[in-house]
Amino acid sequence: MTAITNIAAREILDSRGNPTVEVDVLLEDGSFGRAAVPSGASTGAHEAVELRDGDKSRYNGKGVLKAVDAVQSEILDAIGGMDAEDQVAVDEAMIALDGTPNKARLGANAILGVSLAVAKAAAETAGLPLYRYVGGVQGRVLPVPMMNIVNGGAHADNPIDFQEFMVMPVGATSLSDAVRMGAEIFHTLKSALKKAGHNTNVGDEGGFAPNLPSAEAALDFVMESINAAGFKPGSDVVLALDCAATEFFKDGAYRYEGEGQTRSIEQQVDYLAKLTEAYPILSIEDGMSEDDWDGWKLLTDRIGSRVQLVGDDLFVTNVERLARGIETGTANSILVKVNQIGSLTETLAAVDMAQRAGYTAVMSHRSGETEDSTIADLAVATNCGQIKTGSLARSDRLAKYNQLIRIEEGLGAQALYAGRSAIRQLAGR
């Protein structure tokens, strides 16, 4: 009844107008699953490979027809007839078929699209929402959103070197309340930027991209907006940064081209530590470059007891790199992006490894997104307690928030908002 009978794939467009892969899976009993694959702008060197056509006559070489063809030929031949309820077997069959350590032959975009669509079809067969199918009865924790309200770095055309400045409504009473708080801060910030003569254009993830000279200038605007919206920084709302430091780490130093500064590894650690002393920053993602393990260790030893240090490019949702981090006491949290590793099974394994080691996990979107809201379900299924899915603008971001609102409603009295407990360094205060 749950055998895979057909798989179709197509080239659709993501939120940046670039092609991506969408996959449909049909089961013997008529159940259907559809998934669209996201894409990143600042990508880690150790991520699974996103297969692009390289044909400059189509989409400037960014077409994904090769990945689409892989789904409808080799992958269909390999997993057609398999039981959709055996997710591990399906994913392992595709990984073995690819035969490379980073999914370079078939493409992580092809394999992931099928993996997620299979899970959705199996959930439909079971008559369950995806979060319940994947997470079982324990999946009931609604995550605290990391809301990206100021964009810089690779996500915006402005001088700010850090990529994201986020607010986390830890003092909200529910997910719906957290979304309301974030929206009110977002609109208050828009008014403050306008009043100060800044543009209110938004970046890839829906945050504003003002022409500000430094991280401190951006943080000051965010703090002002939290207060003006009627909330208390550090209590109702805490701050989070994504430095995306790999993007400006060159020749052994951190080169802030927008600010005109160069910082050594030790100076970078000092700078981040000082920011956390001056502002209620409880989470820093990619504060050091992806292969600067020594710098990461320095940062962890310096502020890891009081700040969540999230490895994105450092870990790339990969259990081998995460295991090294756990063994060496490097970072204390992992950012989870399904397309960094390329299958649902491997994604869940990374979350499980992190949680068993006492690391937190943050479910995340990519800068190139679609209306697919799978990560909202996965955040609840894994009880990870945190989700990073952009700002309160752009429907590709709001699709995830709206799905979380629906999930919270569906859970009813069982729903539990993570709140302050989501960040261990905050929960103990």
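Each residue, glycine too, has its Cβ placed from N, Cα and C.
Summarising the annotation, Swiss-Prot assigns active site, proton donor to E205 and lists sequence analysis as the type of evidence. Within 10 Å of the C-beta atom of E205 (active site, proton donor) sit 31 other C-beta atoms, taking all shown protein chains into account.
Within its own chain, K337 (active site, proton acceptor) has P38, G40, D312, V316, T317, S364, H365, R366 as residues 6 or more apart in sequence whose C-beta sits under 8 angstroms from its own. DSSP assigns K337 (active site, proton acceptor) to coil in the three-state reduction, outside any helix or strand. As annotated by Swiss-Prot, active site, proton acceptor applies to K337, with the evidence given as sequence analysis.
As annotated by Swiss-Prot, (2R)-2-phosphoglycerate binding site applies to Q163, K337, R366, S367, K388.
Annotated Mg(2+) binding site per Swiss-Prot: D242, E285, D312, in sequence order, evidence recorded as sequence analysis. In the three-state DSSP assignment, the secondary structure recorded for E285 (Mg(2+) binding site) is strand.
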C-alpha spacing of E205 (active site, proton donor) relative to Q163 ((2R)-2-phosphoglycerate binding site), in angstrom
10
Looking at the binding-site residues D242, E285, S367, which ones sit with their CA no more than 10 Å from the CA of E205 (active site, proton donor)?
S367
Nearest-integer angstrom distance between the alpha carbons (Cα) of K388 ((2R)-2-phosphoglycerate binding site) and D242 (Mg(2+) binding site):
11
Hey, for the Mg(2+) site built from D242, E285, D312, who else sits with CB inside 8 A of the CB center?
Q163, E164, L241, C243, A244, I284, D286, V310, D313, L335, K388
Listed in sequence order, the residues of the same chain lying six or more positions from E285 (Mg(2+) binding site) whose CB sits under 8 Å from its CB are E164, A240, L241, D242, C243, A244, V310, G311, D312, L335, V362
